[in-house]
Number of protein chains: 2
Amino acid sequence: MTADRPGEEALIARYFAPLAGPGAEGLRDDAASLTPSPGHDLVVTVDAVVAGIHYFPGDPPASIARKVLGVNLSDLAAKGANPRGFLLTLALPGDWTEDWLANFVEGLREASAAFGCPLLGGDTVRSGGPMLLSVTAFGEVPMGAMVRRQGAQPGDRLYVTGTIGDAALGLVLQGAGAPSLDPESRAVLIDRYRHPQPRLALAPALRRHARAAMDVSDGLAGDLAKMLGGRITARVRIADVPLSAAARQALRIDPSLLATALTGGDDYEVLCAVPPEGSDAFLAEAREAGVAIAEIGTVEAGEGPALFLRQDGNVQPFERASFSHF
Amino acid sequence: MTADRPGEEALIARYFAPLAGPGAEGLRDDAASLTPSPGHDLVVTVDAVVAGIHYFPGDPPASIARKVLGVNLSDLAAKGANPRGFLLTLALPGDWTEDWLANFVEGLREASAAFGCPLLGGDTVRSGGPMLLSVTAFGEVPMGAMVRRQGAQPGDRLYVTGTIGDAALGLVLQGAGAPSLDPESRAVLIDRYRHPQPRLALAPALRRHARAAMDVSDGLAGDLAKMLGGRITARVRIADVPLSAAARQALRIDPSLLATALTGGDDYEVLCAVPPEGSDAFLAEAREAGVAIAEIGTVEAGEGPALFLRQDGNVQPFERASFSHF
């Protein structure tokens, strides 16, 4: 490293220690202690993002911070967990600047405060490669109440939060040959790509009512297939999949983008299966929590892939069901 | 990726799922649940290693697996924690091979079994850069019993486990102009560089007797300075710092390597401060646990850096007190 940039100890003291939560020992130790509330389990998850693969290297540093924390908290939300804290592994490329880092940490501070999830520790390394950030997020649920990905049963209703496809369309809009949207819609979709909104407010309702849940990160069609696990199948009414006004505008300009919206990923919305007898209460609690919910279909017996039905009654084919960053 | 290499889902199912422990949901979920034993806190730590910085890209894949798990479990051991499980973030370079991965996972399986620390989850990403591995390790301690890095008091005795300097010398031996040792000593030192031995058996004795502890990862001199935190100081008798026969041979050939041994890092031994009244019991319990312990000096009042005293009574100067991978 060049002499005008601080070393790891100085970085921690200057930038990260102010974000440290209870149990983090002010980031002056090699470990943090963490105890779930009495009668609770911890829920742990890890997700990494890499420059040029999961985000654009030129994205605002604060957005990148928000993204890596958000994608992990989205996993916690879908498991019905309330956030408790996180660890950050930061691999800096050779050309990192202190200005970038200061803006990144400011975004991390804001996201950490907004989501009620303090920093508990981390590791900062130098890497000859692209910037890489890996977050381990901790949440908690009443003992035994983690909502599993599998466990849906025939007859369960399928719900998603928010709107689907915005981020995937926001990604397309940043590439070559993208449809030309009005500036406001374009900004909305790119914002959705950069800034996941983990649906933490829905966690209690999921714990009480969902038989299975996961966050939609690799595309609705592919993630639904993972939830069904080949044991059961489902029918989804495409007309009921919630789309934002900006997404609808994009699809009017280029109807072929429907497949992108349904398989493109980066939604960070919750997909869940709720038994019919719990549906009314689930919807009421979601409304109370301020989280938009749409019923998109039904779980059915059978082993084939889920059918995505168009309004003409035909099945929508997909070239591939999900996007893989891998 | 090329068509003949499996995708992320296939990698997880083929290689990582067989290592999954209780609560890991067979790695088929986005999160794992983890509950400390009744009356216990969790202890969490994260450390990453990068090819070409923390290990040689040509090191055996099984050794790299052992190293990334070992350096994290070394942190847990020093905090007095018993391991409960770990998460792995694996960033693969463009030229990864399935053969490398199979050998890596085999090493991970062996280390995970040897250390009693099952895999709970992870994330695998592709990166244009060098291989990077980040492990989040979970341990547990009786509530409130995590051994802090700071907290040593004047009069406390300083102890280290095992032998110091082997790994740093093992690193030197792999560079240009290295002293020519007999093949057996050379193999011992390189093995110590590649294969950290987390002193997990010492955790209970540390919890009962140590006022402060940390693992020696960045060099004894620098890590001792971190433990003292500028509040207190210490005297270390260099002749009492335990050296392996192989390290002593290297120092006979090149006495200037003493500084390397004391500041070079990668020891993954425990440094701890124990009040005099607890010392006999601490040593007896360490012996019972089969962990070699050496008393190297004493904590003293005062604010200067710790003094490393040579046998002639003079202070050993260091150009730098610790090695930084950063």
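If you go along the chain as it appears here, the first residue is 1 and each next one adds 1.
Backbone N, Cα and C define each Cβ position, glycine as well.
A TrEMBL annotation is a machine prediction, not a hand-curated record.
Here TrEMBL has B:ASP30, B:ASP215 binding Mg(2+) 3, and the candidate from B:ASP75, B:ASP182, B:ASP254 in that same listed site is B:ASP75. Within the same chain, no residue at least six positions away from B:ASP30 (Mg(2+) 4 binding site) has a Cβ under 8 Å of its Cβ. In the three-state DSSP scheme, B:ASP123 (Mg(2+) 1 binding site) is classed as strand.
Between the C-alpha atoms of B:HIS54 (substrate binding site) and B:ASP215 (Mg(2+) 3 binding site), the distance comes to 16 Å. A sphere of 10 angstroms centred on the C-beta of B:SER217 (ATP binding site) encloses 23 other C-beta atoms. Highest local Cβ density among the binding-site residues B:ASP47, B:ASP215 belongs to B:ASP215, counted as other Cβ atoms within 10 Å over all protein chains shown.
In the three-state DSSP assignment, the secondary structure recorded for B:THR45 (Mg(2+) 4 binding site) is strand. In the three-state DSSP assignment, the secondary structure recorded for B:ASP75 (Mg(2+) 4 binding site) is helix. Within 10 Å of B:SER217 (ATP binding site), as judged by C-alpha distances, the binding-site residues found are B:ASP75; the full candidate list was B:THR45, B:ASP75, B:ASP123. In sequence order, the binding-site residues from B:ASP123, B:ASP218, B:ASP266 that place a Cβ under 8 angstroms from a chain A Cβ are B:ASP123.
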